[in-house]
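Copied from TrEMBL, the annotated features are:
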ACT_SITE  213  active site
BINDING   217, 218, 219, 220, 221, 222, 223, 224, 255, 256, 265  ATP binding site
DOMAIN    113-278  domain 'Fido'
C-alpha cells in the first residue's frame, strides 16, 4: 500500500485552492513592504539584521531542542555583518558554522542551489564534534543518506524518552539522489516562474525538502535555511528583518501535525500552505510591533528631552515604552512603581505626580488609593479598553 505522498506518481505536482491563499498572499506582501519601509525610519536600523538573524538561528536550533552559545553566535554574525561589538565573545567552531550557513543563504541569494552547496551547509552545521553533541558522533556529515529502508521522521526531544513517528521519508542511495536532483532543478528554475508567487515557492520548497529528509540529521535546520534562501531571493532586504523560525518554534506542535496530515497520501497541501503563510505573517507582525515600539520610544524621548527624569522614572518609563503588558496591563500604580524601582511609597507617589504634572503620564479615572497611570501617548488605548502598544 502506498501510504506516503512521495510514494505516489507525480507527487511534486502539488495542488492547492487558490481562493484559500490569494488574500493571505496579498496581505503578507503588503506587510513586508510596510516592514521594509518602517525599518528605514528606525533608530536601530543598523542593529536590526544582526538581532533578527541571531534570533532566527537560535530559534531554529531550539526547534530541535538544541541550545546555542548565543553570545558567541552573535559575535560570529556581527563580524560578517560588519557590526562592531564592544565586548565580542570568543568564537566557537559551531557558531562559526551556523553563521556561515545563514550568511550564505541571505547574502549569496543570487547563487544557484547545488548539491555541493547543500553538503557544505551540512558540514558547517556539524562543524565540530563535541562530547555533548549526541548527533554528530553517530551520523554521516556532508553526505546524503544511503539507507535502503525509508527513514522515520520523529518529533520530540532527542534526550527524552518519548517520540512520535510523523511520517517516513524515502529510502536513501540512488533513489534519494534522483529525488534531490529533481528538487534542486525545480528550486533553481522556479525562481523565474512568474506564475508562482515567491511566498508559495518558499512554502513548497520547505515542504518538498522536509519530505525528502536527505540527511541522517539536521534536516529541519537545513530546511529552514532553504526557506530563508527562497525568501531572500524574493526580497533580500526583508529577510533580515523577520525571524520565521521563532514563530515555527512557538507553534512546533501544530508544525509537525500539519506536516503529518499532508504527508498522508494526498496531492492537496492546502493545510500546509495556510499554516506556513499564517506563521510567516505572525513573524512579520512580531517585527512590525517591535519596530513600532522602537520608533515610538525614540519619538517619546525626543518629545520629552526638555525634562530631566531621575533613574527610577527612567526605569519605569522604559518598561512602559517596551510594551511589557504583562507587567502593567491596566497601567501602573504607586505600589507597582515602588516594587519596580525599590523606592518608598511616598517617593513613588511623588515621582508619579511629577510625571503627571509634566504631561508625561495620564491618570485613569477611579481607583482611589490604587489610582493607575498610563503614558499620555497611550491614553486613547486605555480609555477605549483596548491596549496593544504600537497599533
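Placed from the backbone N, Cα and C atoms, the Cβ positions cover glycine too.
Long-range Cβ proximity for residue 219 (ATP binding site), meaning a same-chain Cβ under 8 A and a gap of 6 or more residues, is found for 153, 209, 210, 213. A simple way to gauge crowding: the CB of residue 221 (ATP binding site) has 22 other CB atoms within 10 angstroms, across all the protein chains here. In the three-state DSSP assignment, the secondary structure recorded for residue 223 (ATP binding site) is helix. Sequence-distant neighbours of residue 223 (ATP binding site) (same chain, 6+ residues apart, CB-CB distance under 8 A): 206, 209, 210. Of the recorded positions 213, 217, 255, 213 has the largest number of other Cβ atoms within 10 Å of its own Cβ.
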